[in-house]
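> This is the structure I want to talk about, given as structure tokens.
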Amino acid sequence: MAFPLGGLRFPSSSSSSSSFMQMPTGSGSIGRGSGFMGSSLRSAAFCVGASRVYRKKGAAGLSLFGSNQRRLCAAASSSFSSTESESLDVSESGEVMFLDVQNGNPSSASILPSSVENVEVSSSSLDEPQIVAEILSVDPTMDDECEKEDVQAEVTKFKKRSIPHAGDGQKIYEIDSLLKDYRTHLDFRFSHYKHLRYCIDMEEGGLDAFSRGYEKFGFNRSATGITYREWAPGAKSASLIGDFNNWNPNADVMNRDEFGVWEIFLPNNADGSSPIPHGSRLKIHMDTPSGIKDSIPAWIKFSIQAPGEIPYNGIYYDPPIEEKYVFEHPQPKAPKSLRIYEAHVGMSSTEPKINTYASFRDDVLPRIKRLGYNAVQLMAIQEHSYYASFGYHVTNFFAPSSRCGTPDDLKSLIDKAHEFGILVLMDVVHSHASNNVLDGLNQFDGTDTHYFHSGSRGYHWMWDSRLFNYSSREVMRFLLSNARWWLEEYKFDGFRFDGVTSMMYTHHGLQIAFTGNYGEYFGLATDTDAVVYLMMVNDMIHGLFPEAITIGEDVSGMPAFCIPVSDGGVGFNFRLHMAVADKWIELLKKSDEEWVMGDIVHTLTNRRWLEKCVSYAESHDQALVGDKTIAFWLMDKDMYDSMALDRPSTPRIDRGIALHKMIRLITMGLGGEGYLNFMGNEFGHPEWIDFPRVEQYLPNGKFVPGNNCSFDKCRRRFDLGDADYLRYVGMQEFDTAMQHTEDKYGFMTSEHQYVSRKDEADRIIIFERGNLVFVFNFHWNNSYFDYRVGCSEPGKYKVVLNSDDKLFGGFGRIDSTAEFFSSEGWYDNRPRFFSVYAPSRTAVVYALTKD
């Protein structure tokens, strides 16, 4: 989910702090938010909400901390209470101090006046890596040999993992000296993060144990039965109902502990079989402050919508061992350059229907491999009851979408991708949740504040969704465990985190045009709790899954977004370079004569030093109904009757095909360290995406007409890109050649990037990336003979990619076998040059040959 708002990127060099600031003004706004909700700095001063540490009876113990460590993780509002032998250091107001980021001691830089107190704490435990326990909790009743082997395998697996220490958070000031002016905010943020890590270590056994909440909550099978736990402090009573007990609310009543956790143990049947059969429907029946309600368990692993029923039902998913999918292929190593194919399984069929995981595995994955992409980003995986939400209104966070198949079907898809050497990234939604009460988390225990903020702060009026309370310990457990579940259980290779801008600011980026003023990032509108959660989830992921990739969708340009957490950053590997797509749409609304070469270059290169970006010319956002793809902006209605090769082309088609290729290549060549394409756009997929829907009124009163639940425009016409009698094939062939060129030369990950020419009169852009030289002629009419191209290295250059090749739907005006020899002499601030023919609306890539 993206904001129609221009993002900001600030490139710099380490040698000059003054070059850090290149600040364009944000290019859009997106409506008015619900207003400022108060200082998130002060609201961040929490330590422990209602929490509980679970240990199986008879479990082997392991001391992670010395006995002299003091427990200090409680706030006055917390339901947690310490034993008599434990002491708490809190202020008279009941709020907890925050530790100094340097050594764990109180410091004026990390303490808010009148809200914190001094506390004694050993700094050694804060700075040492948390080594994952080598001894796992084992239920002595689990004597089945297979289960013992599984446990031992997990011991061996986890033994090699470690979660990095918190660090000191100071390196960001070396990377970006402008951050020193905001040291108070940033040191407070890091102190808050570091203190929370310490609390989790002391109270939860460490971040490793804390992020495995799915082993405690939800349904967990042992050798003797099933234990079900649910956190619902607002409920007055609770019972488990389902097919297994004829939906009788009096049959299996649950018990509540002092932390609001409801629990029930169901012993095996007399014959040893499971008390809940695989595939059974079930819900939790609760008496809540808002009345009696039946809800899908929050940690449910699968849910379905039965024909004729509106709300979904939770499904107990535990197939016999012989039916469970077993992964056969290792996860690929993260590639040097990331070339992502963004895909939606449901709409990946050429037919007007919902596609399946199995069909995607068999039909689409081979296509992705053939096209040259090395990663696929899967959208709409988390279960969402409203299909037209594109997967962004999640109802069941741990369950894969049942529309496309079973959990095992999804595992098979991922395993096949790994066989092809393709990474599988998941578009994960932790920025908000569905507003649904019957089958989602909203008012789960009958209260407005269970998983979410109360009042307007807990509601996103533009998205009609609920907003998480990241200051809640149990919310953090839920979300961290959710991220780990997908990595652990399904072998995803990383995430694209949706809507991060909405998370990081209390205004959610609504009607905000970020200008690059650092005060916009580090002020009272910053939701420190949310930023700390992002730091925590990145640290957890990168500590336990070192090869995993995290990409954040941030339009604001938050500094240090892609700097490691230990250095004081937020910890993402990549930021989506969202301003690029906005810029292309802006230009496509203008005539060619209005395009400014310097403006294009500035947008593409406007990135922060040492922070990697994934660039894209267009994603799923630009393809939705109400917007247009680049191909449709360029060619419009001519695409309906002028794409056949046996028919005469039109000037609009010729222009469209040429610019479509050039836009995509310059975006990959100059826009970032990774590249993304939404499925079908590689060949200029016509028209837009329109999910099947009925007419409705939005919360703001706006009427949205339906489309008779049609799937006609909710599919991908891959057949068009494969048809050798249509012009689409040329654009697809060019995109494939573009991927393979990057794969061969690795220019996206090269540190060498130099723009030597931005000629407004000639409409020429020339730049070096890695060992390649890119020449773009955006002029609509002029072609140039003997055009000088500056270069740094002497020798012979050859053409390695030519957008005007007839294979790519071009006119064949360039001899791709020609050789170009460099001449000595400074040109465009380069020590040498060679001369080329640069036809109109053409992009050519040259490489220095070794022979």
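Placed from the backbone N, Cα and C atoms, the Cβ positions cover glycine too.
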> Tell me which of 1-25, 401-425, 701-725 corresponds to the region 'Disordered' entry in TrEMBL.
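Checked against TrEMBL: region 'Disordered' maps to 1-25.
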> So if I draw a 10 Å sphere around the Cβ of Asp498 (active site, nucleophile), how many other Cβ atoms end up inside it?
24
> Taking just the CA atoms, what is the gap between Asp498 (active site, nucleophile) and Glu553 (active site, proton donor) in Å?
6
> Three-state secondary structure of Asp498 (active site, nucleophile) from DSSP?
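Assignment for Asp498 (active site, nucleophile) reads coil.
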> Give the mean pLDDT for the domain 'Glycosyl hydrolase family 13 catalytic' (355-724) on the 0 to 100 scale.
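The answer is 95, the mean pLDDT of the model over that range.
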> Across all chains shown, how many C-beta atoms besides its own are within 10 angstroms of the C-beta of Glu553 (active site, proton donor)?
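The answer is 25.
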